[in-house]
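Report on one structure; see the data block that follows.
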Amino acid sequence: MSGFVFNEKPIQIEEGDGVWLSDDAGNEYLDMGASYACVPLGHRHPAVDQAAKSQIDRLTYVQASYPNAARTRLYETLADTAPDPIDKVWLCNSGTEANEAALKFARAATGESKLVATMQGFHGRTMGSLATTWKSKYKKPYEPLAGDVEFVPYDDPEAMRDAVDEETAGVIVEPIQGEGGINPASTEFLEATREATEDAGAALIFDEVQTGMGRTGSLWAAQESGVVPDMITAAKGLGNGYPIGATLCREWIADEYGSHASTFSGGPVISAAADATVSTIVEEDVPSNAAAVGDYLRAELEATLGDEVRDIRGEGLMIGIEVGRGAMGHLKQLAMSEGVLALPAGRTVVRLLPPLTLTEEDADHVVDALESVIVE
Ligand code: PMP
């Protein structure tokens, strides 16, 4: 069993429907994190599931050098919806793989090797991505990793300017750190990072595995700061629950990406699901709901819990509540007595990452649940 066990008596999640989950005993839970930013449209979204089912009836696999129609549609949708001038797409199967590719592409396109990453950052667990991940607990047993990584304090423009030099291939940054505790970067930091990478000829990678797909109130968090990186990586919510990752690039990266490939890259079924996911998010303006309900939820949390907790922060429906060392206890109690499933971020933060279709009524339910657990 990996990760966090949120309940003393083991539960088996059997069914999902929108923002709700139910277990084998018929108990219902509001999903404020059990789907981990992977289901932006809610569980069992008909457009996504139907797209996958229809594709299964037509074609499930063809080798990647033979274009398949579903992949071509997904390429076009991602190129159309990525911030200009990002319009090249590399597809894979997870977030760590999307970052692994981005780090390789940065080295190939620049001819340099040094990578710069941020303290408390998280980018995945394969050897390259792991080398840019901060926490030593995740790295120690597997060292040596891909060397030549310099870590700078997150959200420190001066430290970033000092770290990026002529030998830098790439800088990888989360616009809001997820695993690190829901830490939003200032626009000043992102602008300084953009300027430093541009001056040094290095590639700037935004890891949007957790922030992307509308969670922060725009399809990409990059669109909120106005800072356009050279690459954006996406995964988690990109397939509304089906496994897929993507590395979106500017042309200068795609022109010199080296030689990189993966057998299941852009498979027809996952491509159909992801295309339906992105298209539905855009057509139904789901990011606006994330922004509105996120603002509402944060304001209500502030009014109800502001005096009880250390901090409430985030953007859209990516919210962290700093409760101190009691985070795990609160999460267990939320699950057991209130039927709300959330996630920890580190030891001190309760993290909310619900489907982006959450309503104000659902938000009220969460505030009541947190109030009874934290205040009472
Ligand atoms: N980057 C970020 C920002 C993440 O939050 C995660 C997963 N928590 C990853 C990368 C790795 O994604 P995956 O687990 O799909 O490899």
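Glycine is no exception: its Cβ is also placed from the backbone N, Cα and C atoms.
Annotations in TrEMBL come from automatic prediction, not curation.
If you look up TrEMBL, you'll see G95, T96, F122, D207, E208, V209, Q210, T263 marked as pyridoxal 5'-phosphate binding site. There are 32 other CB atoms within 10 A of the CB of D207 (pyridoxal 5'-phosphate binding site), with all protein chains counted.
The annotation substrate binding site is assigned in TrEMBL to R125, S262. Of all the Cβ atoms in the protein chains shown, 16 others lie within 10 Å of the Cβ of S262 (substrate binding site).
DSSP assigns K236 (N6-(pyridoxal phosphate)lysine) to a helical segment in the three-state reduction. The N6-(pyridoxal phosphate)lysine annotation in TrEMBL covers K236.
Among the binding-site residues F122, E208, S262, the residues whose Cβ lies under 6 Å from any atom of ligand 1 are, in sequence order, F122. The separation of R125 (substrate binding site) from T96 (pyridoxal 5'-phosphate binding site), Cα to Cα, is 6 Å.
For D207 (pyridoxal 5'-phosphate binding site), the nearest of the recorded positions R125, K236, S262 in terms of C-alpha separation is K236. The candidate set comprises the recorded positions R125, K236. Of these, K236 has the most other Cβ atoms within 10 Å.
Counting in whole angstrom, S262 (substrate binding site) lies 14 from G95 (pyridoxal 5'-phosphate binding site) by their C-alpha atoms.
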